[in-house]
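So the structure is just underneath, and the comments pick up after that.
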Amino acid sequence: MPTKIAAGNWKMNGTRAALEEAHAIAQVQSGDAQVVICPPATLLTSMPEGLATGGQYCHPATSGAHTGDLSAEMLADAGASYCITGHSERRTDHKETDADVRAQTEAAWRAGLIAILCIGETLDQREAGETLAVLSEQLRGSLPDGATAETLIVAYEPVWAIGTGKVATPDQVAEVHDALRDQLGAEISLLYGGSVKAGNAAELFALDNVDGALVGGASLKAKDFIPIVEALAAS
């Protein structure tokens with residue numbers, strides 16, 4: 001049975017003052033749900049004990065002349081257990097391709113990290129009826145061979161719903177997650193991401209094949225994120 005996961009992606013947000021929020025999140029009663037926070041790398045070593053953490057990106061190489069980059073080994077050394085790969089903001093802002101994402105995912109695995117692999121379609125692709133084909137192609141191109149439930153989580157994040165306030169309808173989410181379940185098998189956790197908030201979390205988590213969420217803005221404050229975690233624990 002897939003693990004329930006509530007993962008918070010803080011993106012480029014948070015200085016040491018944000019650790020107060022992390023400590024509050026660490027106290028939540030999450031039941032059988034795993035709570036993960038992916039803070040800026042500058043905060044990884046300062047996160048509260050007992051709260052699972054992840055990186056937001058890793059360079060495919062172990063080390064070398066890559067100014068400003070971080071390797072998966074560095075993330076693991078800083079206490080991370082997870083690493084996000086393939087987020088649409090990385091694909092767009094840094095022109096990362098499926099091949100780049102595959103290499104990053106392989107690097108995460110080599111370092112013993114669980115990859116949270118993100119896929120998602122644009123609004124134009126959805127309106128053209130290409131959603132499932134686009135996601136299947138992204139998955140084939142981005143996912144290395146040998147994935148297991150112990151090494152991989154897949155997050156469906158429609159690009160048009162990230163940070164926009166728009167949320168995919170339950171029917172849209174169900175269609176995609178059912179297709180992903182058919183492609184990936186019964187054990188790998190499938191997360192939904194895209195303007196997930198306390199007000200829509202329970203409805204999303206009630207869907208078959210939605211095992212949790214990758215949450216952006218609503219994970220920055222404990223008062224916003226904890227109700228999402230509690231909704232997942234109750235699902």
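Residue 1 is the first one shown; counting continues down the chain.
Even glycines carry a Cβ here, placed using N, Cα and C.
Automatic, uncurated: that is what TrEMBL annotation is.
A quick note: this is a predicted structure, and the numbers were derived from the prediction, not measured.
Gly163 (substrate binding site) carries neither a helix nor a strand DSSP state and counts as coil. Counting every protein chain shown, the Cβ of Gly163 (substrate binding site) has 12 other Cβ atoms within 10 Å. According to TrEMBL, the substrate binding site annotation covers Asn9, Trp10, Lys11, Gly163, Ser195, Gly216, Gly217.
Here TrEMBL flags His87 as active site, electrophile. Taking Cβ-Cβ distances under 8 Å and a sequence separation of 6 or more, the neighbours of His87 (active site, electrophile) in its chain are Asn9, Gln56, Tyr57, Cys118, Glu157.
Per TrEMBL, the feature active site, proton acceptor maps to Glu157. Under the DSSP three-state reduction, Glu157 (active site, proton acceptor) is assigned to coil, being neither helix nor strand. Cβ contacts within 10 Å of Glu157 (active site, proton acceptor), excluding its own Cβ and spanning all protein chains shown: 26.
Among Asn9, Trp10, Lys11, Gly163, Ser195, Gly216, Gly217, the residues given in the record as binding substrate, the maximal Cα to Cα distance rounds to 14 Å. Taking the mean position of the Cβ atoms of Asn9, Trp10, Lys11, Gly163, Ser195, Gly216, Gly217 as the substrate site, the remaining same-chain residues with a Cβ inside 8 Å of that point are Asn13, Ile162, Val215, Ala218, Ser219, Leu220. Between the listed binding-site residues, namely Asn9, Ser195, the fewest other CB atoms within 10 angstroms of a CB are found at Ser195.
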